[in-house]
There are 2 protein chains.
Amino acid sequence: MPVATSTARPGGRSARVRAAVHRAVQEFLAGNPAETMTLPLIAGRAGVHPTTLYRKWGTVADLMADVASSRFSGDIVVPDTGSLREDLRRWARDVATDLADPDVLAVMRAAIGSGPQGGCACTADRHAQLTAILDRERARGGTAPETAHAADVLLGPLYYRAIFAGQPADPSWTEELVDALLK
Amino acid sequence: MPVATSTARPGGRSARVRAAVHRAVQEFLAGNPAETMTLPLIAGRAGVHPTTLYRKWGTVADLMADVASSRFSGDIVVPDTGSLREDLRRWARDVATDLADPDVLAVMRAAIGSGPQGGCACTADRHAQLTAILDRERARGGTAPETAHAADVLLGPLYYRAIFAGQPADPSWTEELVDALLK
């Protein structure tokens, strides 16, 4: 481990603190009710002084919004098969797989519980991915539904079932959602 | 107030305590972040001894599930216009109106944040209402979609937009959802 190098870059330490704190939040939520989480408890798990957390995030709600936007960003590669239907089917199946992970659901529920901004942070990236898939179809010369409508038809049922109905999504059901969107 | 009567009925006192505690939770959530809620804080607001709350609910998560299932039960009258389309349009508009209330959203977010059972408690009654509307159409001799599919198409987008996208639903959009379900 190049300790000398990393102490010479303050950004390196800051990034490590953030990673340790995010990991501490996810580990905490995997084993404890969200409402028992406090900044000092997370600081203790992450091996960081509590004042660092108060200075950097201020409140549990701000920390959860940061964890959610980081956790739900950039970890799904947008498929590019040349077919809109196949791209959407693969993408919807990946979203469903992610939503079937109890640890993912715990972070998402805690983010929603901590305030309005937390909820949005969970899905901002999904909207961007969906827009990218639909835009690519138009660039190919095809037609594609508007993002808002596609989000209603695809993300609506996926997130509703995961959060409200407590039902795991099966892959053939996600294909039906895509087929309903594209007729 | 018939004090003698109410002290003679233990159920009366228990119901009043429950109502006072539920009201205290809703008032607390209207003005404070959900993650700062504790049973002693709610006990203080409700004028009830904390041990009563610990004995009756045990944890914030159990209390939130009870508040959510009570708050989201029986307060929407299922429309009966003689037409499935019109029944669903009115019902979907009522659900959307409910979801546009910031106090309703605060209770719902807190219930989701407090654990898996919280989310389900928010929508169990909506499923029952939807099933009642669809069953009535079949009893009239008409055909109606399955509840699970109708929930995906109607409740999915309504709750997704309210919780994740932070968008208020407009009435014409809820009609489009119903028209998409019934073709």
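Using N, Cα and C of the backbone, Cβ positions are placed for all residues, glycine too.
In TrEMBL, annotation is done automatically, which means it is predicted and not curated.
Features as listed in TrEMBL:
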type	residues	note
DNA_BIND	A:38-57	DNA-binding region
DOMAIN	A:15-75	domain 'HTH tetR-type'
Residue distribution over DSSP helix, strand and coil in the DNA-binding region (A:38-57) | 15 helix, 0 strand, 5 coil
Take every residue in the DNA-binding region (A:38-57), average their pLDDT values, and give the whole-number result.
-> 95
